[in-house]
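What follows is a single structure, written as structure tokens, with notes after it.
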Amino acid sequence: MGIISCIHSILFVLMVAQVIHGSEIHLKLDSVIPPNITTDDANFFTHSAFRVLIGADPPTAFKFMKVSEAEFPALNGQGVSYAVLQFPSGSLNPSHRHPHSAELLFLLIGSLKVGFVDANDVLHTLTLQAGDLFIFLVGVVHYQYNYGRDLAFAISAFGSANVRTITTPVALHLAILISSSIKYSVLTEIRQIKCIYT
């Protein structure tokens with residue numbers, strides 16, 4: 001099975017699992033089907049925008065495609081949406097937040113450095129490898145960066161059909177990273193000095 005077929009299969013399983021889980025509690029209360037659509041019309045429940053990814057050339061800059069209620073009306077009332085994120089080498093998904101939804105990122109290909117700022121304004125970073133899942137909690141400022149040489153490919157699931165993204169200004173993103181780097185280097189120097197004098 002080729003890598004694209006594998007990605008396609010994983011996408012399908014993730015979507016089915018999320019819809020089943022999200023609809024267990026109130027299937028009839030949460031389903032909002034327009035009056036002109038019958039449940040026999042499977043086209044209403046199908047969205048094919050991600051087909052353009054199959055066999056496509058990798059992008060030259062960070063690229064994402066989302067599927068929310070705006071693009072796929074069948075998601076109305078289901079509490080789920082998805083995004084596919086493609087990171088060429090050296091690309092960044094800049095600091096942003098989702099005020100009403102958590103983001104569960106599944107890294108399929110490559111490696112990514114992810115970071116988020118907690119309630120105490122502390123930057124936490126981690127390097128993810130293919131196969132890792134990472135959750136960004138509701139409302140936290142976060143980013144992803146591909147420092148590797150190869151393409152990184154991820155899928156993000158959101159707990160809302162209408163996920164909002166608020167982008168942090170680039171200057172603030174740089175300030176967060178520089179501040180974190182300065183704190184790290186100062187702490188490293190203090191540790192080195194303590195080692196010399198003890």
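Heads up, the Cβ atoms here are built off N, Cα and C, so glycines get one too.
What TrEMBL records for 1-22 is signal peptide.
The domain 'Cupin type-1' annotation in TrEMBL covers 54-184.
Taken from TrEMBL, the feature oxalate binding site covers ASN93, HIS98, GLU103. Listed in sequence order, the residues of the same chain lying 6 or more apart from ASN93 (oxalate binding site) and placing their CB within less than 8 Å of its CB are PHE62, PHE64, LEU85, PHE87, TYR143, GLN144, TYR145.
Around the Cβ of GLU103 (oxalate binding site), 23 further Cβ atoms fall within 10 Å across all displayed protein chains. Marked as Mn(2+) binding site by TrEMBL: HIS96, HIS98, GLU103, HIS142.
Looking only at the domain 'Cupin type-1' (54-184), the predicted model's pLDDT averages out at 88.
The local packing around HIS98 (oxalate binding site), expressed as other Cβ atoms within 10 Å of its Cβ over all shown chains, amounts to 21. Once Cβ contacts within 10 Å are tallied over all protein chains shown, the binding-site residues HIS96, HIS142 are led by HIS142.
With respect to their backbone Cα atoms, GLU103 (oxalate binding site) and HIS142 (Mn(2+) binding site) stand 10 Å from each other.
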